[in-house]
Each structure stands twice: as C-alpha cells, then as structure tokens.
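First comes the structure, then the notes that go with it.
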Amino acid sequence: MTNDSKLPMFGASTAAPGAVRHPLPDQLRGLALLGIVLVNMPFLAISGTGGFLPSSTSTWYDQATAFAVVAFAQGKFYLLFSFLFGYSLTLLLRRRTGDGLRRYRRRLVGLAVLGVAHAVFFFIADILFSYALLGVGLLFFVARSNRAALWAAAAAFTAGILLLVDLVLSSRGTPQNGLVGSDPAILDAALRGSFLDAAVGRVEVLPEMFIAFGVLNWFPAFAMFLLGLVAGRLGILANPADHTRLWKGLLVLAATIGLPGGIAAGWLAHGPGPSSPLRDVLSVAIGFGSAPALTAGYVAVIALATRSRVLRLVEPAGRMSLTGYLGESILLTAIFCGWGLGLLGQLGAFHAALVALGVWLALDVFAHLWLRRYTYGPFEWVLRCWSYATIVPLRAVRTDQPTSAPAEQGPSQKTDRKVR
C-alpha cells in the first residue's frame with residue numbers, strides 16, 4: 001500500500017513524475033482551512049483577544065452565526081490539522097534516520113520561526129509555533145509501536161480532559177469572551193493603530209495567549225499527532241473505501257458525543273438566557289472536550305464522499321495549506337486592522353463570517369491558478385528550501401497523469417516508497 005502523502009500538514013506539495021498522490025488528505029486540508037478561518041475570524045475581525053462581543057451578536061442572525069462557529073468549528077479544525085500533521089510526517093520520520101530526521105528537525109525550526117512571525121505581525125493565536133514544539137515529541141515515537149503511540153494518545157486525551165475538568169471546578173481559565181485575561185480594549189486600540197503598534201500590542205498579550213493555548217490545545221493536539229502517525233503507518237487515508245466500517249463507527253461517535261457536545265457549547269455561549277462566567281467556562285470545557293469526536297465525524301463524512309466533485313475543488317487549497325493558513329491571517333488583518341481598511345469591530349458576526357468565507361474562496365481560487373504553473377505554494381517552497389538546505393525548483397514538472405497530484409519527493413528522491 002503506498003503512502004498517500006509525503007508532505008507535512010504545513011509543508012510543501014511537490015511534483016514528481018510517476019508518484020501518486022491520493023486526494024483525501026488534501027480535501028481534508030482544504031476544508032479544514034474553511035473551519036480555521038471561521039474560528040480565527042473573531043480574533044481578526046471583532047476583538048483582538050478573541051470571542052464574539054455583545055455588539056457583534058446583536059441580531060438573531062449574528063447570534064446564529066456565533067452559535068454555529070462555537071458549536072461546529074471552534075476547537076475542531078485545529079485537531080484535524082494536528083491529525084494530518086502526524087499522518088503526513090509518517091514517511092519522513094521513517095526514512096533513513098540521518099536524512100529524514102535531519103530534514104524533520106529543520107522543518108520544525110522553520111515552522112517555529114514562521115509561527116513567531118505570524119503571531120507577532122498578524123495573528124496572535126498562531127498554531128505553527130505550538131506544532132513545532134509538539135512535533136519534537138513525535139521523535140520519541142519514531143521507533144515505537146503503534147500500540148505505544150495509541151496508549152500515549154489516550155493518555156494525552158485524558159490529561160486534556162482532566163485540565164478541562166479543573167478549569168470548571170476551579171473557575172480558572174478562559175471565558176468564552178476572550179482567550180486571555182487582558183482587557184480586549186487594550187489590544188483592540190493597538191490593532192487600530194499602525195502595523196508596528198499592532199505588533200507591539202500582540203507581543204504584550206502573547207505570554208497569556210501562549211499559556212491559554214497550551215492549556216486548551218496542546219494535550220489533544222499531541223494526541224491527534226499520534227493518531228495521525230498511526231493512521232499514516234496503516235495507510236488509512238490512502239484507501240478510504242477499504243475502511244467503511246471505521247468511518248461508520250466514527251459517525252456514531254460524532255452523533256452521540258461530538259454533535260451534542262458542540263451544540264451544548266454553542267448554546268451555553270450564545271443561547272437564550274443571561275450570560276455568566278460559569279456558562280462561558282462550561283462552554284469552553286464541553287466544547288473542547290467533545291471536539292475530538294466531532295472532528296472524527298468530519299473526517300468520516302469526507303472519507304465517505306471523497307469522490308465528490310465538490311471536494312475535488314478544494315484539493316489545490318489543501319496542497320497549499322501553509323500558504324492558505326498564513327494567507328487567511330494576512331488578508332483578514334489587512335481588512336480589519338488600522339493599517340489596512342480598519343474595519344475591526346465594525347461588522348457583526350454574520351457579515352464578518354461572510355468576509356472570512358470570501359477570503360477562503362479567494363485563496364482557493366489562488367491555489368488553483370498558482371498550481372497550474374508552480375509545484376509548491378509560496379510559503380511551502382520557502383519552508384521546503386530551508387528543510388532541504390538547498391534551493392528547490394519552484395516551477396511545476398508536467399506529467400501525463402491529469403487526475404492525481406504528485407506526492408512529495410526529496411530533491412534526490414525519484415521513487416515512491418512503500419509503507420512497511
């Protein structure tokens with residue numbers, strides 16, 4: 001069984017003649033970018049420290065939008081990214097120890113640098129730096145069995161749940177109206193200033209954000225890394241039709257745990273009745289606690305519909321997921337920050353979500369056009385050149401296989417590998 005994807009979640013899509021690339025991982029990436037931009041939208045369009053302010057949910061359709069984002073997107077799509085990160089790194093981690101691991105370490109350094117720059121200049125809730133840190137932990141499991149990885153994933157999930165329970169019992173943590181304890185007005189004022197003012201404002205609250213992000217996200221994210229690693233070894237996404245029973249089981253899990261949990265989180269955050277700190281904390285705890293189950297359901301739905309023409313339309317965006325992720329932040333920042341159009345806080349949740357949807361569509365079109373001429377997305381190319389310590393050709397290599405995008409090959413790699 002061939003490995004379906006040799007590029008990391010945030011890496012470079014490549015072109016190598018004769019190598020086959022399966023569509024499902026790219027479809028998942030492309031749709032995950034839609035979920036990510038909707039979740040990130042409140043940080044970039046409404047309040048610098050995140051969350052929907054009362055002024056942004058004053059109408060029923062704004063409330064419905066905020067409910068949908070919390071119920072069906074918040075906490076779900078970074079887990080999907082995490083799963084794909086572990087999945088796609090399988091082959092790279094299992095290559096010759098010297099070359100493969102050396103490139104992997106350089107890639108993590110590159111992600112960390114991009115993550116810090118992204119957090120300071122564009123989006124405070126960056127995930128690249130966290131992925132770089134957590135990616136180091138995957139090195140421990142290179143030579144470990146699938147069973148060991150699964151046990152570790154279960155332990156990480158359990159630790160994450162215990163942290164959420166402590167969040168509720170102690171009433172510490174992050175209310176729904178912001179992921180950090182700082183006054184949103186302080187950062188919002190900075191974001192309405194110059195590009196440098198906005199960067200300084202982000203730096204001031206970055207330590208709090210880093211802690212909050214770690215508490216809520218790191219344990220489940222690392223668990224998904226490990227599940228992705230196991231799935232990559234087994235080639236599960238390469239042949240989704242062979243795993244129908246698995247997908248149906250995940251749909252049951254999503255229907256019984258993920259969907260009710262997401263709806264409860266959305267109702268607590270934006271349902272009827274007076275808001276309170278307890279409702280906010282319960283919303284975060286229930287939403288993030290049930291998120292893995294709903295994420296699994298999303299994977300199952302897309303896996304069962306992977307031959308859909310609609311899903312094929314998002315594959316190019318999935319091949320350029322790093323460029324798409326960073327591009328979403330850059331475009332939304334240019335629209336809402338003071339150094340751009342200055343629309344921060346001026347749109348309700350519904351119209352801000354429409355802008356976010358437009359950004360996602362624009363970047364998907366850009367990916368289609370770009371990949372007609374080039375092998376990698378712009379940021380994928382930069383990261384790949386750094387990882388391989390050489391200038392990698394950017395222009396696409398023509399192939400006679402019009403229906404399959406090629407999988408990643410190293411500069412000197414000419415043949416696809418088998419998953420052992």
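For all residues, glycine too, the Cβ spot is worked out from N, Cα and C.
Residues or ranges marked as domain 'DUF418' in TrEMBL: 231-389.
As annotated by TrEMBL, transmembrane segment applies to 31-53 (among others). Residues 62, 66, 69, 73-78, 80-81, 84, 123-125, 175-180, 182, 184, 187-188, 190-191, 201-202, 205, 209, 269-270, 298, 302, 311, 314, 317-318, 321, 324-325, 328-329, 332-333, 335-336, 343-345, 347, 349, 352-353, 355-357, 359-360, 363 of the same chain sit 6 or more residues outside the transmembrane segment (31-53) yet have a Cβ under 8 Å from a Cβ within it.
Per TrEMBL, transmembrane segment is recorded for 65-88 (among others).
Among residues of the same chain six or more beyond the transmembrane segment (108-141), those with a C-beta under 8 A of the stretch's C-beta atoms are 9-10, 40, 43-44, 48-50, 78, 81-82, 85-86, 89, 93, 101, 148-149, 152, 179, 187, 195, 198-199, 202-203, 205-206, 209, 213-214, 217-218, 221-222, 225-226, 229, 322, 325-326, 329-330, 333, 379, 382-383, 386-387. Feature annotation from TrEMBL assigns transmembrane segment to 108-141 (among others).
What TrEMBL lists as transmembrane segment is 148-169 (among others).
Summarising the annotation, TrEMBL assigns transmembrane segment to 218-238 (among others). Beyond its flanks by at least six residues, the transmembrane segment (218-238) meets 1-5, 22, 24-25, 28, 78-80, 82-91, 93-94, 130-131, 134-135, 137-138, 141, 146, 149-150, 152-154, 156-157, 159-160, 163, 246, 288, 291-292, 295, 303, 419-420 of its own chain at Cβ-Cβ distances under 8 Å.
Feature annotation from TrEMBL assigns transmembrane segment to 250-269 (among others).
Positions annotated as transmembrane segment by TrEMBL: 281-304 (among others).
The annotation transmembrane segment is assigned in TrEMBL to 325-344 (among others). Counting residues 6+ beyond its ends, the transmembrane segment (325-344) has Cβ neighbours under 8 Å at 10, 33, 36-37, 40-41, 44-46, 48, 114, 118, 122-123, 128, 188, 191-195, 197-198, 355-356, 359-360, 362-363, 366, 379 in the same chain.
Sequence-distant contacts of the transmembrane segment (350-371), counting only residues of its own chain at least 6 positions beyond either end whose CB sits under 8 Å from a CB of the stretch, comprise 13, 30, 33-34, 37-38, 40-42, 45-46, 56, 59, 61-62, 64-65, 69, 313-314, 316-317, 319-320, 323-324, 327-328, 331-332, 335, 377-378, 396, 405. Residues annotated as transmembrane segment in TrEMBL: 350-371 (among others).
Residues 24, 27-28, 31, 70-72, 74-77, 79-80, 83, 157, 160-161, 164-165, 167-168, 171, 173-176, 216-217, 220, 223-224, 237, 240, 243-244, 246-248, 250-251, 253-262, 264-266, 268-269, 311 of the same chain lie 6+ residues outside the transmembrane segment (281-304) yet bring a C-beta within less than 8 angstroms of a C-beta in it.
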